Amino acid sequence: MRADKSLSPFEIRVYRHYRIVHGTRVALAFLLTFLIIRLFTIPESTWPLVTMVVIMGPISFWGNVVPRAFERIGGTVLGSILGLIALQLELISLPLMLVWCAAAMFLCGWLALGKKPYQGLLIGVTLAIVVGSPTGEIDTALWRSGDVILGSLLAMLFTGIWPQRAFIHWRIQLAKSLTEYNRVYQSAFSPNLLERPRLESHLQKLLTDAVKMRGLIAPRQQRNPYSKIDI
């Protein structure tokens with residue numbers, strides 16, 4: 001959206017109750033995903049639901065969900081390939097399969113401390129899901145991999161319907177903070193005061209709110225990068 005566009009009263013009301021909106025979105029997404037997997041009788045149907053909840057549950061902003069979903073898909077694809085190779089190696093030699101899994105988990109741990117830790121983590125998680133299939137059952141492993149990708153795509157779809165944008169939250173909180181700063185200033189420096197009031201608790205709350213606002217910059221930057229000066 002345009003940075004200079006004013007917010008409607010309805011948008012302000014929705015974003016002030018974003019936890020209710022997010023909870024409703026996750027609940028509807030879960031129900032619709034459940035109906036889809038029941039309607040099409042998708043095998044290993046637990047994994048689309050788990051994936052959808054993992055991606056949508058802890059984060060609600062469009063700028064966070066999309067990169068996380070793509071990281072999950074990338075980690076899932078690589079983890080699936082490593083897992084399928086491990087299942088084939090198990091038919092040849094169990095020690096060789098264990099060495100392969102150890103190397104794959106080393107890669108997972110190494111990537112988890114890099115720039116995309118979630119993708120590294122998903123490589124290990126998907127590998128565990130795939131190698132947990134019965135020996136030699138490649139179909140089960142493939143279905144589990146596909147179900148994780150399906151859950152990621154559904155999470156992006158449901159989040160893309162009327163998405164919450166971190167920039168709007170930032171604007172609303174900034175306006176609220178400026179109003180509170182003005183009240184504190186008037187309370188501290190009003191010429192009608194006989195004695196300056198104690199404002200330490202109010203100032204501490206303002207500082208806490210300012211720190212919380214920094215958490216909205218990252219999802220805004222991921223969606224449509226601005227310079228840090230603009231933000």
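Heads up, the Cβ atoms here are built off N, Cα and C, so glycines get one too.
Residues or ranges marked as domain 'Integral membrane bound transporter' in TrEMBL: 33-158. For the domain 'Integral membrane bound transporter' (33-158), the DSSP counts in helix, strand and coil order read 104 helix, 1 strand, 21 coil.
The transmembrane segment annotation in TrEMBL covers 20-40 (among others).
For 46-66 (among others), the entry in TrEMBL reads transmembrane segment.
The transmembrane segment annotation in TrEMBL covers 73-89 (among others).
What TrEMBL records for 95-113 (among others) is transmembrane segment. Beyond its flanks by at least six residues, the transmembrane segment (95-113) meets 79, 82, 85-87, 89, 119-121, 123-124, 127, 131 of its own chain at Cβ-Cβ distances under 8 Å.
Residues or ranges marked as transmembrane segment in TrEMBL: 120-136 (among others). Distant neighbours of the transmembrane segment (120-136): 47, 71-72, 74-76, 78-80, 82-84, 86-87, 90-91, 101, 104-105, 107-114, 144-145, 148; these residues of the same chain sit at least 6 beyond its ends, with a Cβ under 8 Å from one of its Cβ atoms.
For 148-168 (among others), the entry in TrEMBL reads transmembrane segment.
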